[in-house]
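Chemist: Relevant sequence annotations retrieved from TrEMBL are reproduced here:
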type    : residues               : note
DOMAIN  : 1-71                   : domain 'Inositol-tetrakisphosphate 1-kinase N-terminal'
BINDING : 42, 138, 170, 261, 265 : 1D-myo-inositol 1,3,4-trisphosphate binding site
BINDING : 77, 127, 159-170, 185  : ATP binding site
DOMAIN  : 92-281                 : domain 'Inositol 1,3,4-trisphosphate 5/6-kinase ATP-grasp'
BINDING : 244, 259               : Mg(2+) 1 binding site
BINDING : 259, 261               : Mg(2+) 2 binding site
């Protein structure tokens, strides 16, 4: 994250606005460092969260981005998408839902039976259950047949694959600023391909070209994704996250939220340096 986020352009722009990024020394107590106006972090683990909670109690004027209790919603892919489903966005903003999914925590040999009982249709996207921001947590596989399901390694989440024209919308949230970026995604799967392919195909972190989707380039249905991101921000109290959203192929307004990530790769968002600098300045202005 240091390499992809704290780039020279961001640090230079921030410095000109009076903002300094000071590294935290993890070998020393956090309360002995500073003084800080904001603690910006992308760390997981119970010990670190306990440190942050104690720091927030003893330093109530320091902003922690984001608070551990707010990030808790995104720790696993079951709870994060359940929150989206519970918001009843289906009627509010077009047809916004989540893919049908199944959590598998153990017993690899029984996965085909669990899938059959749940009535999930192949192919299925397999993702790690824990979403901790690591490279491994972003790896995904596509299982085409029942036999290949037994090769998967729990704990994981299985999601029905939805044809989406090979396009993914990444909705970046930075405070009140929301930016949508179109990216290439996995290609559609035809009935013929489904009957031909066997096995599990692994995609260790898909590297995709990206293009910024400015407001003028979006039709009204995609623009509603701004409202989805805003509502989740208010619900969870998160300021820094993104949503991965697809639109079902052949439809205009049927969307699925696939993933939600805390402190995502903002370096892939156009003009992130200016957006993030303005965000920090507004936080301090409203303190």
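Using N, Cα and C of the backbone, Cβ positions are placed for all residues, glycine too.
Automatic prediction, not curation, is the source of TrEMBL annotations.
On this model, are these features tucked inside or out on the surface, and what's nearby?
Modeler: Summarised by DSSP class, the composition of the domain 'Inositol-tetrakisphosphate 1-kinase N-terminal' (1-71) is 33 helix, 6 strand, 32 coil.
For the domain 'Inositol 1,3,4-trisphosphate 5/6-kinase ATP-grasp' (92-281), the model gives a mean pLDDT of 84.
Packing around residue 244 (Mg(2+) 1 binding site) is summarised by its Cβ count: 17 other Cβ atoms lie within 10 angstroms of its Cβ, all protein chains included.
Using a 10 Å Cβ-Cβ cutoff, residue 261 (1D-myo-inositol 1,3,4-trisphosphate binding site) registers 19 neighbours.
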Chemist: Largest pairwise Cα distance, Å, within the listed 1D-myo-inositol 1,3,4-trisphosphate binders 42, 138, 170, 261, 265?
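Modeler: Farthest-apart Cα atoms in 42, 138, 170, 261, 265 are separated by 19 Å.
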Chemist: Find the one among the binding-site residues 42, 138, 244, 259, 265 whose C-alpha lies closest to that of residue 185 (ATP binding site).
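Modeler: When the Cα distances are compared, 244 comes out closest.
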Chemist: How big is the gap, in Å, between the Cα of residue 163 (ATP binding site) and that of residue 265 (1D-myo-inositol 1,3,4-trisphosphate binding site), rounded to a whole number?
Modeler: 25
Chemist: Which of 42, 170 (the binding-site residues) has the most other Cβ atoms within 10 Å?
Modeler: 170
Chemist: For residue 165 (ATP binding site), what is the tally of other C-beta atoms lying within 10 angstroms of its C-beta?
Modeler: 14
Chemist: Around the C-beta of residue 161 (ATP binding site), how many further C-beta atoms are within 10 angstroms, looking at every protein chain?
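Modeler: Taking every protein chain into account, the count is 20.
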